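Novice: So that we are looking at the same thing, I have put the structure below in structure tokens.
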Amino acid sequence: MNSPDEHNGRRRFLQFSAAALASAAASPSLWAFSKIQPIEDPLKDYPYRDWEDLYRKEWTWDSVGVMTHSNGCVAGCAWNVFVKNGIPMREEQISKYPQLPGIPDMNPRGCQKGAVYCSWSKQPDHIKWPLKRVGERGERKWKRISWDEALTEIADKIIDTTVKRGPGNIYIPKRPFAVITNTAYTRMTKLLGAISPDATSMTGDLYTGIQTVRVPASTVSTFDDWFTSDLILMWHKNPIVTRIPDAHFLMEARYNGARLVNISADYNPSSIHSDLFVPVTSGTDSHLAAALVNVLIAGKHYKADYLKEQTALPFLVRTDNGKFLREKDFKADGSDQVFYVWDTKAGKAVLAPGSMGSKDKTLKLGTIDPALEGNFETHGIKVTTVFERLKAEITPYTPEATQATTGVHPSVVRQLAGWIAECKALRILDGYNNQKHFDGFQCGRLKILILTLIGHHGTTGSIDTTFEGWRLEGNSELGTVKGKPGRSVSAVLAQWVWGEQYQRSKDYFNDAQLREELGFGVDEMESMRKESEANGWMPNWQSIKEPVVSITGGINMFATSNGYQHLRDNFLKRCELNVVVDFRLNSGAMYADIVLPAAENTEKLDIRETSVTRFIHAFGQPVKPMYERKTDWQIMVALAAKIQERAKARGIARVDDPEIKSGIDFDKIYDEFTMNGKVVTDEQAVRFVMDNSKALGPGTYEEVMKNGFVAVGPSAGKTGPVPKDKPYRPFTVNVTDKKPYGTLTGRLQFYVDHDWFQRLGATVPKPQYRGGVLGPKKYPFVRNSPHARWGVHSFARTEQWMLRHQRGEPDVRMSPKAMAAKGIKDGDMVRIFNDSGEFFAVVKAMPALPDNMLFTEHGWEQYQYKNMTHYNMVSSELINPLELVGGYGHIKYTSGGFNPNRIFYETTVDVEKA
């Protein structure tokens with residue numbers, strides 16, 4: 001029964017409702033849409049409707065600017081950014097790229113990570129103002145401080161460290177993919193005499209094996225050149241997932257008649273678009289490549305004339321000691337950089353032109369007809385050719401002999417070799433996976449040998465590794481300080497020492513197993529590292545300096561590196577002030593002492609150069625930096641100003657730096673950084689780079705900031721000119737103009753007679769050991785960390801829309817068969833572990849994986865894992881001694897080119913339900 005109160009309440013509600021309806025009917029401004037009005041002109045006479053106008057205004061903008069996205073991505077894509085009330089609201093691809101004749105256009109460029117950037121930039125993990133740690137490192141307890149407080153503390157610590165400990169104890173790792181942003185740290189490193197690590201080796205992305213063959217190793221065609229190929233090998237490359245802006249060129253090439261081949265341990269998404277899938281066992285790719293070379297040579301599927309001119313395969317090698325026959329063998333004052341070939345016309349050994357020591361800087365042979373094959377004698381010295389040595393050492397690697405190692409049936413190898421032999425334009429898309437295996441060094445040499453044997457290198461084909469970047473003289477000048485070279489080191493070696501990774505690897509790997517497979521163990525790797533440093537082959541700064549002050553710019557150092565927790569703890573005990581500059585609180589920032597807020601991509605004024613397209617792209621700064629953020633250039637300018645101010649106040653001027661024949665001028669470091677006021681602002685810095693680069697020049701700044709992109713001129717190519725009417729392809733001038741390569745022999749060099757290469761049996765490209773994963777066999781799974789679809793490294797890994805397109809948390813992937821054997825179901829939380837560490841993740845069934853493989857897509861942050869673990873907490877690494885070699889012509893320490901690569905895909909693990 002209803003109570004009186006309930007009855008009265010209902011009656012009052014009805015009364016008020018009736019009154020409200022009556023009032024609305026009487027008011028001309030309320031419920032106007034319900035009135036019946038005569039409409040004579042349907043286009044003009046409809047009443048104005050306020051509620052509809054809300055939607056109209058939602059799609060109006062105060063301004064539209066241009067930008068690209070750079071953090072870890074090599075693509076280069078132009079976007080419009082729509083701004084309202086000073087806030088970037090959304091972005092849209094710019095589809096105005098010009099089309100080359102006969103080539104599909106690049107419109108539009110972009111991916112889903114770029115499309116959500118404006119949304120992601122507003123999330124709470126993006127930094128608004130300077131922060132200082134108030135708890136223990138890693139506790140994530142902060143207080144807000146002013147820029148002046150932050151810069152003063154950093155400046156004083158830099159000065160104190162340099163004065164008390166000596167120059168070279170400042171460490172500045174960086175890897176932001178934008179010209180001015182990156183160069184800001186480079187310039188500061190030079191002025192402080194600081195240590196700068198090779199960030200490419202830190203991530204395991206060097207192509208050191210290929211660097212022994214050509215210089216530079218890291219080169220690509222512009223990706224529209226894929227369309228011109230008729231055979232494309234995607235070797236541990238998954239462009240459908242990782243090259244979203246460019247994958248259409250593969251599909252268009254296929255429609256144009258090209259064959260696509262996917263070579264991978266897993267049946268990845270690119271495999272379904274392939275004409276042939278080659279399932280190679282993890283860590284055995286060099287054996288597969290050797291089998292292909294074996295078939296090509298045995299069937300004489302090679303271009304002899306090309307090999308005679310473009311390669312060192314006809315060069316003579318002594319049979320007594322395995323060394324090149326050199327001019328110094330016959331003359332007391334002869335060069336050790338001048339070599340011989342056997343001239344079949346003259347019937348004798350003659351000097352080959354084009355080498356480093358040759359006066360004739362050309363590959364033109366003139367009347368010389370070098371012998372590719374044969375055994376000869378000259379002046380009492382028995383010699384043979386490099387090609388003969390190669391044939392002899394590659395003979396055992398037949399498709400039948402390698403099947404047990406690679407898991408690839410001989411018929412598949414022969415089918416693929418046949419396609420290679422008959423194709424007109426071979427393209428090898430060389431992914432980042434192989435280089436992270438011990439097998440990767442020799443495999444790189446073998447891959448480029450395949451391309452070279454059929455005469456496609458620098459002609460109709462290419463082996464595309466990673467982008468080389470365009471030649472911008474202005475950028476080089478901005479990053480150079482006369483008389484102040486700074487200190488460059490291998491990131492792997494720096495972390496091997498400071499992070500005590502040597503001990504971690506020694507504890508993890510089975511020494512007896514390594515000695516059986518490789519002939520040496522971790523102790524020998526360490527002794528060879530020390531020997532290399534003592535010989536001056538590799539820089540030794542990590543052995544004589546400490547990272548007392550670390551300023552990390554745009555790189556997630558611990559999460560990026562092997563042995564996360566081991567590196568972190570040992571590095572931080574050496575580091576007294578850890579500064580992180582980034583636009584968000586990533587895993588590395590958790591352990592910072594001071595965090596400086598860098599500008600978002602929408603807040604930058606900068607340019608992006610990447611040679612996968614013929615364009616420079618703009619960060620057009622659609623909005624000014626919000627809150628208290630600053631661009632990286634402005635942060636370094638402000639730091640330089642504060643150092644100079646504090647030095648003058650403390651009466652400190654110059655500190656000599658005799659180790660690098662330089663000095664640090666603290667009292668004028670701001671003047672030096674800004675070139676006495678020429679490059680104070682971001683715009684001044686960008687204009688300086690563009691105006692002083694031949695491939696761009698005056699006027700291009702306005703063009704790139706208006707359109708979002710600008711085409712580079714012919715001189716931008718580092719290995720040849722950029723044509724106006726067709727895609728760029730590297731190393732063409734070596735074929736067309738007979739220009740020597742930057743190698744010791746001046747040619748594509750497939751023989752290295754360095755003592756260490758001889759000792760390790762690696763003079764020619766061939767497998768370095770029996771193949772397979774080198775991790776302890778007591779753990780049944782090999783762990784790989786492929787690039788992800790829903791993030792670019794850690795970029796966008798926390799973005800809400802990207803998380804909704806996947807499991808929303810870190811996962812590991814296993815084959816259903818392996819899961820069943822472990823009693824694990826899809827969606828279970830599992831523990832992945834070995835002697836080095838553990839991490840937890842949700843398991844996801846992936847039938848495309850081999851039963852012994854475990855995938856953990858990289859880029860996840862530590863704080864996204866259960867118990868604050870991380871996938872790199874189980875990894876350990878090895879050093880390939882071949883990558884420690886130096887003092888041999890072109891084979892020497894080169895940042896971004898040649899130094900020890902991160903080899904950590906030899907890690908094995910086990911899995912159990914958590």
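The backbone N, Cα and C atoms fix where each Cβ goes, glycine too.
Annotations per Swiss-Prot:
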type	residues	note
SIGNAL	1-32	signal peptide
DOMAIN	62-125	domain '4Fe-4S Mo/W bis-MGD-type'
BINDING	HIS69, CYS73, CYS77, CYS111	[4Fe-4S] cluster binding site
BINDING	ASP205	Mo-bis(molybdopterin guanine dinucleotide) binding site
Novice: Have a look at the binding-site residues HIS69, CYS73, CYS77, CYS111 and say which one has the shortest Cα distance to ASP205 (Mo-bis(molybdopterin guanine dinucleotide) binding site).
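Specialist: Closest candidate to ASP205 (Mo-bis(molybdopterin guanine dinucleotide) binding site), judged by Cα separation, is CYS73.
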Novice: Over the domain '4Fe-4S Mo/W bis-MGD-type' (62-125), what does the predicted model average in pLDDT?
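Specialist: Averaged over the domain '4Fe-4S Mo/W bis-MGD-type' (62-125), per-residue pLDDT gives 94.
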Novice: Tell me the Cβ neighbour count for ASP205 (Mo-bis(molybdopterin guanine dinucleotide) binding site), meaning other Cβ atoms within 10 Å of its Cβ, over all protein chains shown.
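Specialist: So the number of other Cβ atoms within 10 Å of ASP205 (Mo-bis(molybdopterin guanine dinucleotide) binding site) is 17.
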Novice: Please list residues from the chain of CYS77 ([4Fe-4S] cluster binding site) whose Cβ is under 8 angstroms from its Cβ, counting only those at least six apart in sequence.
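Specialist: In sequence order, the residues whose Cβ lies under 8 Å from that of CYS77 ([4Fe-4S] cluster binding site) (at least 6 apart) are THR68, HIS69, GLN93, PRO108, ARG109, GLY110, CYS111, GLY114, PRO245, HIS617.
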Novice: Taking helix as H, G and I and strand as E and B in DSSP, count the residues of the domain '4Fe-4S Mo/W bis-MGD-type' (62-125) in helix, strand and coil.
Specialist: 8 helix, 18 strand, 38 coil
Novice: Quick check: which same-chain residues outside HIS69, CYS73, CYS77, CYS111 lie with their CB within 8 A of the centre of the [4Fe-4S] cluster site CB atoms?
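Specialist: In sequence order, the nearby non-listed residues are THR68, ALA75, GLY76, ARG109, GLY110, LYS113, GLY114, PRO245, VAL792.
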Novice: Across all chains shown, how many C-beta atoms besides its own are within 10 angstroms of the C-beta of CYS111 ([4Fe-4S] cluster binding site)?
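Specialist: Neighbour count, Cβ to Cβ under the 10 Å cut-off: 20.
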